[in-house]
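Structure first, commentary second.
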Amino acid sequence: MNEKKLRGLYLVTYDYYGAEFYEKIIDAIEGGVDILQYRDKTNAYSVKLQVARKLTSIAADYGIPFFVDDDPKLAKEAGADGVHIGRDDPPIEQVRDVFNGLIGVSTYGNLELATEAEKKGASYVAFGSFFHTDTKKDAGIYDIKILEKARHFVKIPIFVIGGINLETITKFCGYSIDGIAVVSAILAAENVKKAAKELKEKVEDIINGRC
């Protein structure tokens with residue numbers, strides 16, 4: 001589990017909605033997705049457990065890390081590599097009582113929150129949103145310049161998320177980050193695999209300082 005790299009193109013899912021859900025996830029991974037997170041705010045726990053177990057298997061087949069959003073119990077029961085938590089979720093200490101895998105933490109636009117997360121054992125932090133996003137309509141929008149300082153505050157992987165697409169992704173050129181997370185930029189695309197491939201190329205350029 002821990003040898004899987006926390007780096008690159010990070011896909012966060014929509015809520016589960018049927019068989020096509022898995023097809024799109026597989027297409028996205030084959031297009032270049034490096035990390036997968038299952039986020040589902042509407043389905044019953046029994047459905048989410050079934051879906052999370054299926055995604056655990058898919059991610060394992062492709063050798064990529066798989067995270068469950070919000071719920072350490074679900075992550076444990078599904079056999080996921082990690083859980084991702086935000087400000088409305090239990091703190092890292094409580095998560096550790098339930099789940100012993102990787103922990104990703106949303107740190108929004110707060111460098112102190114990122115530092116605290118690292119000290120408590122977070123595996124990575126995720127800053128954002130930096131742009132408007134329809135996926136989380138109540139998400140705050142933060143100043144991208146916070147990324148100029150982020151690497152001085154934390155040594156663990158830094159991801160960015162929120163309203164990122166082929167146009168806005170170029171705004172991250174020149175910043176020291178480890179990966180970029182998207183939802184609609186891939187899953188709402190007409191050709192999911194092609195969208196993932198195009199984003200992956202941009203992500204690789206950014207995290208390797210080629211832009």
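From the backbone N, Cα and C atoms, a Cβ is placed for every residue, glycine too.
Quick look at what Swiss-Prot lists:
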type	residues	note
BINDING	Gln37, Tyr38, Arg39, Asp40, Lys41, Asp69, Ser106, Lys136	4-amino-2-methyl-5-(diphosphooxymethyl)pyrimidine binding site
BINDING	Asp70, Asp89	Mg(2+) binding site
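Features recorded in Swiss-Prot, as mapped to the structure shown.
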residue	record	DSSP (3 states)
Gln37	4-amino-2-methyl-5-(diphosphooxymethyl)pyrimidine binding site	strand
Asp69	4-amino-2-methyl-5-(diphosphooxymethyl)pyrimidine binding site	strand
Asp89	Mg(2+) binding site	coil
Ser106	4-amino-2-methyl-5-(diphosphooxymethyl)pyrimidine binding site	strand
Number of Cβ atoms other than its own within 10 Å, given for Asp69 (4-amino-2-methyl-5-(diphosphooxymethyl)pyrimidine binding site):
22
Between Asp40 (4-amino-2-methyl-5-(diphosphooxymethyl)pyrimidine binding site) and Asp70 (Mg(2+) binding site), what C-alpha distance do you get in Å?
9
Applying a 10 Å Cβ distance cut-off over all chains shown, what neighbour count does Tyr38 (4-amino-2-methyl-5-(diphosphooxymethyl)pyrimidine binding site) have?
30
For Gln37 (4-amino-2-methyl-5-(diphosphooxymethyl)pyrimidine binding site), just count the other CB atoms lying within 10 A of its CB, please.
24
Set of same-chain residues at least 6 away whose C-beta sits under 8 angstroms from Lys41 (4-amino-2-methyl-5-(diphosphooxymethyl)pyrimidine binding site):
Asp15
Nearest of the binding-site residues (Gln37, Arg39, Asp69) to Asp89 (Mg(2+) binding site) - Cα to Cα:
Asp69
Among Asp40, Asp70, Asp89, the most crowded of the binding-site residues [Cβ within 10 Å]:
Asp40
Distant-in-sequence Cβ neighbours of Arg39 (4-amino-2-methyl-5-(diphosphooxymethyl)pyrimidine binding site), under 8 Å, six or more positions away:
Val12, Thr13, Tyr14, Asp15, Asp69, Asp70, His84, Val183
Near Ser106 (4-amino-2-methyl-5-(diphosphooxymethyl)pyrimidine binding site), which residues of its own chain have a C-beta under 8 A away, given they sit six or more steps off in sequence?
His84, Ile85, Gly86, Arg87, Val125, Ala126, Ile161
